[in-house]
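Quick look at what TrEMBL annotates:
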DOMAIN    A:62-297  domain 'Pyruvate phosphate dikinase AMP/ATP-binding'
DOMAIN    A:302-352  domain 'Pyruvate phosphate dikinase AMP/ATP-binding'
DOMAIN    A:421-502  domain 'PEP-utilising enzyme mobile'
ACT_SITE  A:H454  active site, tele-phosphohistidine intermediate
DOMAIN    A:517-868  domain 'PEP-utilising enzyme C-terminal'
BINDING   A:R560, A:R616, A:E744, A:G765, A:T766, A:N767, A:D768  substrate binding site
BINDING   A:E744, A:D768  Mg(2+) binding site
ACT_SITE  A:C830  active site, proton donor
Protein chains: 2
Amino acid sequence: MEKWVYSFIEGNREMKALLGGKGANLAEMKSIGLPVPSGFTITTKACNEYLAKGSELWEGLKSEIFRHLHDLEERAGKKFGDELNPLLVSVRSGSAISMPGMMDTILNLGLNDQSVIGLAKETGNDWFAYDSYRRFIQMYADVVLKIDKYKFDIIFDRVKNENGVDEDTKLSTENLMQIVKEYKNLVLKENRSPFPEEPKDQLLIAVEAVFNSWMNPRAEIYRKINNIPDDMGTAVNIQEMVFGNMGNTSGTGVAFTRNPSTGEKKLYGEYLLNAQGEDVVAGTRTPKDIIELKDKMPRVFEEFVNVCDQLEEHYKDMQDIEFTIEKEKLFILQTRTGKRTAASAVKIAVDLVDEGKITEQEAVMKVEPDQIEQLLHPTFDPEMLEQAEQITQGLPASSGAASGQVYFTSEGATEAKERGEDVILVRTETSPEDIEGMVACKGILTARGGMTSHAAVVARGMGKCCIAGASDIRVNEKEGYFIAGEQRFKKGDFISLDGNKGNVYKGKIQTEKPELSGDFSKFMSWVDQFRVLKVRTNADTPKDTKQAIDFGAEGIGLCRTEHMFFEEGRISVVRNMILSREVEDRIRALDKLLPMQRSDFKEIFEAMGSRPVTIRLLDPPLHEFLPEEKEDIKKLAKEMDISVAHLHSVIEDLGEVNPMLGHRGCRLAVTYPEIYKMQVRAIMEAVVELKNEQNLEVIPEIMVPLVGELKELQYVKQLIIATINEVLMESQTTAKYLIGTMIEVPRAAVTADKIAEEAEFFSFGTNDLTQMAFGFSRDDAGRFIKEYQEKKILEKDPFQQIDRPGVGKLMEIAVDLGKKTREDLKLGICGEHGGEASSVEFCHLLKLDYVSCSPYRVPVARLAAAQAALRFPKHK
Amino acid sequence: MEKWVYSFIEGNREMKALLGGKGANLAEMKSIGLPVPSGFTITTKACNEYLAKGSELWEGLKSEIFRHLHDLEERAGKKFGDELNPLLVSVRSGSAISMPGMMDTILNLGLNDQSVIGLAKETGNDWFAYDSYRRFIQMYADVVLKIDKYKFDIIFDRVKNENGVDEDTKLSTENLMQIVKEYKNLVLKENRSPFPEEPKDQLLIAVEAVFNSWMNPRAEIYRKINNIPDDMGTAVNIQEMVFGNMGNTSGTGVAFTRNPSTGEKKLYGEYLLNAQGEDVVAGTRTPKDIIELKDKMPRVFEEFVNVCDQLEEHYKDMQDIEFTIEKEKLFILQTRTGKRTAASAVKIAVDLVDEGKITEQEAVMKVEPDQIEQLLHPTFDPEMLEQAEQITQGLPASSGAASGQVYFTSEGATEAKERGEDVILVRTETSPEDIEGMVACKGILTARGGMTSHAAVVARGMGKCCIAGASDIRVNEKEGYFIAGEQRFKKGDFISLDGNKGNVYKGKIQTEKPELSGDFSKFMSWVDQFRVLKVRTNADTPKDTKQAIDFGAEGIGLCRTEHMFFEEGRISVVRNMILSREVEDRIRALDKLLPMQRSDFKEIFEAMGSRPVTIRLLDPPLHEFLPEEKEDIKKLAKEMDISVAHLHSVIEDLGEVNPMLGHRGCRLAVTYPEIYKMQVRAIMEAVVELKNEQNLEVIPEIMVPLVGELKELQYVKQLIIATINEVLMESQTTAKYLIGTMIEVPRAAVTADKIAEEAEFFSFGTNDLTQMAFGFSRDDAGRFIKEYQEKKILEKDPFQQIDRPGVGKLMEIAVDLGKKTREDLKLGICGEHGGEASSVEFCHLLKLDYVSCSPYRVPVARLAAAQAALRFPKHK
């Protein structure tokens, strides 16, 4: 028979899934001899069963609860609801993972008009008894009966006023008795039935309320955001009360064993005398620094410090502890691993190793990979942030904080930058044409597009703050303003972007530059010891390349050659090339681009030294390089000396219904072989020059995008090899190189055995693979993906985290088939997922050789890779 | 050691792959005792070896050829190149599958200035010897030396003129000698070297020419179109000459054993006296009906009839035979299974069964599935077609023939139809807005789009002729004209479309209506006996439904509910629905659509009787229902009483970068559940009404499109079931139904085990699955898919024929996973591939339950299914 209830002495910290975090830790603390009041835990399974039964408590569970309650009575020598010596309990929820939105604590449960008299008599403290009673009624009414708290506050404050009392503790017992009476009337009025007097009813109703709170919207949203399954359920902890409100020798408080913001090894917390739990956080009384307790109650303080040490020693991590002092006796009510900032996380991990408390491996597991990026970007001045007015929210597409004046066009942004302004580029969505403006700005805000929209990808690549898909704003680029809510922001107005949260604020907020501590380097050096996956970067410019090396990149996994095409002075040559009617004209334009690309590659190779560099040949459809706006088309026509009508018709001809599935990638090479020829020539000439000039041997990895069929790769490969041979012949030299392909088309995944016949490496292009596997256009999916998440159809945005059952399955098929054909096939990933922790773990499990991500995600990927290796050591 | 050459007496008809069709059949005929001149065959493997060796004949092969030549000399008692009694041979190519563009026949090889004298002496016929010689030089120069034939014709005609001769046979021996002399001079001049005198050189050069012709462009294109592998190679047949040009007791001819156009059982062919092979087809002399030979040479004719009977008996099929008569002796030079029209194919198959020559199974294998559709559509008057001027070509997107006046807009087409005109709708591409024009017209011509473009799909559904992607034409819809080559066709001009070939002709060509014979029904009844796959139809209207039943459809596999939305009087309600800002307004509009859809479903169910009907809920993105043109937007805004600017911004908001991967399919149901609710209600109310009114029990199969994830289907399914229960509750009745999904998103295929938990059936949407598996937008791929085929990267357009290694693999994965979860999972296909023979075969191999295709492809699918079942009986 299923056991639904566990006494604290039956559990331990390994039983989190069953007892919840709170229950498991209470049992654990009990077992190591800490002063924890007795109690028991109703399991998370009972919660699921309750929900499955249509939210009804069943007899079996009820009798088990009462059996444990009886044990508690025996142990305490008190009786639940007794008129003489009543047992009071607290009821608290506790799931395996702590979660906001769940039902709050109920204290002092078991009080009614009879037992309050018993409590008063037994303690000899009437004031305390009625203070506890009024607290209980209010709390119970609030969290169980859903009667608004402020209605009780009105009564409480009125009584205080009427009696000229300014502090709660100065109310008389009579005042409290009056308050209790009025509270009960309020409940009767609001609830249309009296306050439940029977303690057992109070208890069962409270248990139901905890269970029901598992399904409340806030908790549900939290679970969705944090990827917590709904069937985890919550436990309920029922514990004998201890009282911080028995006068000035009693009190309550919370403390962290170290500073959660800086990591400093120093007790950090607050307490209040003659108070119960919620008073510390309620703000009606100002709590005191925990350090002051040393003077007030030296013996209790010393005991508390010892408990803190013992808990840190036991849990091997910084703890967040709740305690109560009842007549100078210390009780510990909760401990949990404390939340912390990224900086603190790193410092604590390093310190704990230095203190000999944990190993380097354990230290590596203590920092969240996604957190670490915070350390690399500017942050807002916290005080100014507090004052700021939030005007809208979008997707946190690229981390960091940026403040500046808004501009709506690439030119506008560039000119403002030249005037020395800090610029925020605001657009409905960005396109490759906006690249100069994106370079010039501090941050980017778009109204459309998701986490992998053009703006998001480019911004992350640049390590620049970006908020994408802020769908509530309306941007009018032409007239130079955007509207958020009722407010209109015009060219030059200040706004501030928090790229970590996706929040947009009005006005200017000071930003602070990040400083990387010595602890950070130490920590990352451990990280690198343990990981198996190599970490490369996606970088298209020498600047990005250098940045990535600073962040620990071991090579370039994706150098997108098209970004080079957008630079000033080049785009018009590119357009000339595209608009050529004859192959000869196209080749003439390509000849002009050749030296430019060659010198780009040379600089990147130089920066990378002996590290591997994967270069992707041209990928986007050609129409992406042509202007869309009427004005720009006119300008270009003039520049090119052709008629506007003709240019228009060419642009229209190149237009596509679904450009994502159109004439792009290696399909371009099949129809315009001369483009890839030029690119390959540029790569190899750069290789040859570096060999001759600097004796630097570069082994370029030439990557063909969008391959879906072996013969396609064969066609392009022979083209590449012929060009390479031409260059080597001309320069009378030799050079090594690899030719491989992206796996981004589902067909490539399922025919990977064939494709591996020609490809020396695979690089998973998980952005496109996700688009095609799901049939989601990342430019358009924003419109329904949110709703999909809200309706729990998708747990996570698959563009952020690799969808293991679908996209992951295709990857697995490709790896298996590819290795069957070519045992030493080199495997990597260069989609945006390469810098996301869960996806990196998946790549580790797939035994890829490397992940590649934007420079600022490189440390994230390094840490995620190390954690994956430690978690799954067999996959080395 | 490899044997490269086979004597005719060493081969048989099973050796087609090695000896080519011609060689294998010559050997076969020899083996059954027919009068076939002796000879030998150089194998197809030798051809491949030759090409692999860089187009060089090697010693081993040459000596084997000469050894067989020597045997031939022995057997004939003649000597190759002899001055007294020379052996002459013919050299003919012959691959396993007959193919245009390959090298033609060379006759009389072995003649030179010496041996011609020997031939004259031996036969006592100088005229014959020099007639043979001049023929040989011209043929050899043409096909081997690539000297234009007409240059010889000029000489020949001049000599005829100079001598006042009107018929070739009336030239004197001296004339012929002069011609020979002039021919040889011409060769010397054109070829810069003399005509090869040495017979062995003549032979080897000719063999090389045959091998090389395997790689000539026409042959390559033919192979590509017909899916023939390049490494099949061609054989070369070398055969002792027999002579039809030895006077009026000699002759040559070709004949079919039955009429290849009608199938009538009557010898059909032509002959010429005193002639050699090419004279019959050259057109310089008019050949005589084969029947006349009966009077001219009764004995020979009787022998020939016997040979024909013997060959039909032996090959069990209508034969296409070449023969030569040398001095009243009959020789058979070739036999092959004769090409035939669809009508003839069916009649011959049925007759052969009636004659007891073949079984019904064999009969079913004798008709090409793709051919059969011809029987269902109108055809052009063949004589008028011959005269017609072709102006362009596109893809043969939907079969049939249509002639009419061109219109460029839906309105224009509709009005012209009302005036009684036959209309051809010409557009750059069609969109759902054009539906009325498509209904009104006889045929559709588009400049863009492939075999599965909107125009193609809709036209096939309607059984209407369509040519899509005629990329050479430029259509100007606004000004009402299109340009093909140098010609401009304006509104009201006549053109004619041949949907079977994709040819577009200028002017009007008479069309003839099809008549289905009794043989057709008999044949199709056999077909239905043998097939395992069920055949359903894709039909959206009662009219299509009835048509499909006439063609043998066993149910509806795909009823697209959106097509119903475009009908007049509905589209404005639909637009109202889309443009509603509040759910209430949307529901009000949907309430208006409900009775319309209900009555559609009722009519369709009624037409289908007890046959199953699969209804797909709304699939296309909503913006497809909104107008695109400025004028139309203005009109709609007025109609809806909203501002043009507002309407414009709504349309822009709904616009998508990649609509194919956008907000459509069941994604619509997640964001606008009320749309599917209305559709399900319409379906179920129709079911209930038919039950109550007619006692007809319909079991609708409700199909959810674009599912990619189990939870998505779960969400939509509960919505559907809730609505069904509502309807059933209201009407106090019960009804059966199935709920299933399309498998058209790659992720659905690889997670099909999960999806089958909720889906009672899968229907493969191979159009979209192909788009997503390849990453090809079918609207855009036209631009590069041709080049892909030309460069041999793709053998076949995957939108026409299921790509087995890629898309097929995904289908296989889905079938395996799906059946693992649900053994009795119902499986079908409703993509365009459901009516294509090879794809139907693949579906049979996958053990699907049914294929579904447009009404006019139903007979094609039935036949293809039967052939697949006969070919792969184990897959029952």
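Note that Cβ sites are derived from N, Cα and C of the backbone, with glycine treated the same way.
All TrEMBL annotations are machine predictions without curation.
Model, not experiment: these values are computed from the prediction.
Feature annotations (TrEMBL) mapped to structure.
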residue: A:H454; record: active site, tele-phosphohistidine intermediate; Cβ contacts under 8 Å, 6 or more apart: A:E429, A:T430, A:S431, A:P432, A:D779
residue: A:R560; record: substrate binding site; Cβ contacts under 8 Å, 6 or more apart: A:N538, A:D540, A:R616, A:D619
residue: A:E744; record: substrate binding site; Cβ contacts under 8 Å, 6 or more apart: A:P705, A:L706, A:F764, A:G765, A:T766, A:N767, A:D768, A:L769, A:M772, A:G831
residue: A:C830; record: active site, proton donor; Cβ contacts under 8 Å, 6 or more apart: A:R536, A:N538, A:G557, A:L558, A:T614, A:R616, A:M742, A:S763, A:F764, A:G765, A:S852
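When other Cβ atoms within 10 Å of the Cβ of A:N767 (substrate binding site) are tallied across all protein chains shown, the result is 17.
Across the residues the record lists as binding substrate (A:R560, A:R616, A:E744, A:G765, A:T766, A:N767, A:D768), the two Cα atoms farthest apart are 15 Å from each other. When the C-beta distance to chain B is held to under 8 angstroms, the binding-site residues A:R616, A:N767, A:D768 reduce to A:D768, listed in sequence order. Around A:G765 (substrate binding site), taking its Cβ as the centre, 28 other Cβ atoms fall within 10 Å, counting all chains.
Neighbours of the substrate site: apart from A:R560, A:R616, A:E744, A:G765, A:T766, A:N767, A:D768, residues of the same chain with C-beta atoms within 8 angstroms of the site's C-beta centroid are A:L558, A:D619, A:P705, A:M742, A:S763, A:F764, A:L769, A:C830, A:G831. Secondary structure at A:R560 (substrate binding site), taken from DSSP and collapsed to helix, strand or coil, is strand. When the domain 'Pyruvate phosphate dikinase AMP/ATP-binding' (A:302-352) is classified with DSSP, helix, strand and coil residues number 25 helix, 17 strand, 9 coil. In the three-state DSSP assignment, the secondary structure recorded for A:N767 (substrate binding site) is helix. When other Cβ atoms within 10 Å of the Cβ of A:R616 (substrate binding site) are tallied across all protein chains shown, the result is 26. Summarising the environment of A:D768 (substrate binding site), the number of other Cβ atoms within 10 Å of its Cβ, over all protein chains shown, is 25. Summarising model confidence by region, the domain 'Pyruvate phosphate dikinase AMP/ATP-binding' (A:302-352) averages a pLDDT of 93. In the three-state DSSP scheme, the residue listed as 'active site, tele-phosphohistidine intermediate' is classed as helix. The Cβ of A:T766 (substrate binding site) has 31 other Cβ atoms within 10 Å, all protein chains considered.
Using DSSP to sort the residues of the domain 'PEP-utilising enzyme mobile' (A:421-502) gives these counts of helix, strand and coil: 18 helix, 29 strand, 35 coil.
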